[in-house]
Amino acid sequence: MSGASFVPGVDGLRFLAIFGVVLFHANLFSAGWIGVWLFFVISGFVITRSLLADGHAGLGVRERLAHFYMKRAFRILPLYLAAVALFSLTCFFVIRYQPGQIALSRNGLAYAEHIPYLLTFTYNFYRISDSYLPSSFFSHFWSLSIEEQFYFFYPVLLIGLGIGRLPRALIFVLILSPCIRLLVSMLYGGAPSDLGGASDEMSRGAGNAVYQFSFGHFDAFAAGALVAVFEARIRASSRGLMYLTFASTAALGCYILLAVPWFGGLRGAFGVNIYGHYAEIWLYSVLDLVFATLLIAILTGLKPLDWLLTRSVPLFLGRISYGLYVWHMPIFRVLGKRLVPVAESVFVKHDAAFLAPPVLFVGLSGLTVAVSYISFVMYEKPMMALGRRLWQQRAAKGEAISRSSPARSG
């Protein structure tokens, strides 16, 4: 482990992840959902580096856990809770009272059902349930629930096992997660997915359940964590990248060769909530391998990938990617939906209707970036700084107590 020094290319990878997600929710790239799995791999890498760095700094078990949870809390919770509050108020007061919108009026009150799951970071399980009410404000928060659930367990596992036994535990997670996905698929699909024993409705439900079930996707975090554990070796030799590039290319190629005929093309083979022919089991493992390879390519400075991802625009957008993720859904799906007829009417008058979608996309993207940047500078950064100050005060107080203890005992 080389220490928790900043790796610029990681922000570039965050840019790739959020770019795919935004394109997916803008209905421009059907496979953009895979950006979420890139986020998962990055998260496993980043938090493992942080926890290992605290161990190398000599922090005790309690201090390492306290430091980790404090940093995560001040990074995730302020924006998340503010967004949940703002979106909830918007649902109730704005959408609920739109004249003539009966369905939306009902949803304005029904959205209150989302709140307990949002506040307990169990929203992904709510999305699997039969009572789930789709929401353009909240639906993307399922992935944050999965991340927080992993953050709850993982630090205790890492510190408890120690660096010596951690790799074996992470490899076990890589093996266990596909087994969990298989179990979830069979529970919700009613039959092994390559035998055609499930109805279309059950297939959709099974694909969604596998997609949302957090414990079946901890292998993505484990893949990133393994890269962090072996970071020093990875940086010292290009062999690891060479082997993983071969393995990930072979795995991706085999999946494409098999899945494209099964699902009628690339679009179906990489469709969201995929189900059938055990693709819901293995596609996620293939993605984990590919994204871990991308991460290693960044660590080893592979050109031109590293050069492209460390340009100013990818770094800037990657740095504010959390805000982009939080804000983009209501901007594109709520505001954008209301602006579509306006944009179309304007461009139709000038015989340029074909320009309406790209202009609207650029405008909504610009608004999302602006809101996210303001949020980052005026709210997220100050909250992170507050968390650092509180930690420093706590650490200073602990040092003062430890220095005074011998004097009192004497």
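For all residues, glycine too, the Cβ spot is worked out from N, Cα and C.
All annotation found in TrEMBL is predicted automatically rather than curated by experts.
Keep in mind that what you see is a predicted model, and the values were worked out from it rather than measured.
According to TrEMBL, the domain 'Acyltransferase 3' annotation covers 8-375.
Sequence annotations record features per position, and here TrEMBL assigns transmembrane segment to 12-28 (among others). Long-range neighbours of the transmembrane segment (12-28) within the same chain, counting only residues 6 or more positions beyond its ends whose Cβ lies under 8 Å from a Cβ of the stretch, are 34-36, 38-39, 42, 140, 272, 294-295, 298, 306, 308-311, 313-315, 317-319, 321, 324-325, 328-329, 332-333, 336, 361, 364-365, 368.
Residues 1, 4, 10, 13-14, 16-21, 24, 64, 68, 71-72, 143, 146-147, 150-151, 154-155, 158-159, 163, 217, 220-225, 227-229, 231, 270, 284, 287-288, 291-292, 294-295, 325 of the same chain sit 6 or more residues outside the transmembrane segment (34-52) yet have a Cβ under 8 Å from a Cβ within it. According to TrEMBL, the transmembrane segment annotation covers 34-52 (among others).
Per TrEMBL, the feature transmembrane segment maps to 73-95 (among others).
Counting residues 6+ beyond its ends, the transmembrane segment (141-163) has Cβ neighbours under 8 Å at 1, 36, 39-40, 43-44, 47-48, 51-52, 55, 61, 64-65, 68-69, 72, 76, 80, 84, 117-118, 121-125, 127, 169, 212, 214-215, 217-218, 221, 225, 229 in the same chain. The transmembrane segment annotation in TrEMBL covers 141-163 (among others).
According to TrEMBL, the transmembrane segment annotation covers 170-189 (among others). Sequence-remote contacts of a segment are chain residues at least 6 beyond its ends whose Cβ falls under 8 Å from one of its Cβ atoms, and for the transmembrane segment (170-189) they are 197-198, 202-203, 205-206, 209-210, 213, 215-219, 221-223, 225-226, 229, 275, 278, 280-282, 284-285, 288.
Annotated transmembrane segment per TrEMBL: 209-229 (among others), in sequence order.
Per TrEMBL, the feature transmembrane segment maps to 241-261 (among others). Long-range contacts of the transmembrane segment (241-261) within the same chain, counting only residues at least 6 positions beyond its ends with a Cβ under 8 Å from a Cβ of the stretch, are 234, 268-269, 277, 279, 282-283, 285-286, 289-290, 292-293, 296-297, 300, 302.
Sequence annotations record features per position, and here TrEMBL assigns transmembrane segment to 281-302 (among others).
Positions annotated as transmembrane segment by TrEMBL: 314-335 (among others).
Per TrEMBL, the feature transmembrane segment maps to 355-379 (among others).
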PLDDT averaged over the residues of the domain 'Acyltransferase 3' (8-375): 91
Cβ-Cβ under 8 Å with the transmembrane segment (209-229): same-chain residues at least 6 beyond its ends: 1, 37, 40-49, 52, 124-125, 127-128, 142, 145-146, 149-150, 154, 158, 163, 166-167, 170-171, 173-174, 176-178, 180-181, 184-185, 187-188, 272-275, 280-281, 284-285, 287-289, 291-292, 295-296, 299
The transmembrane segment (314-335) versus listed stretches 73-95, 281-302, 355-379: most Cβ pairs under 8 Å: 355-379
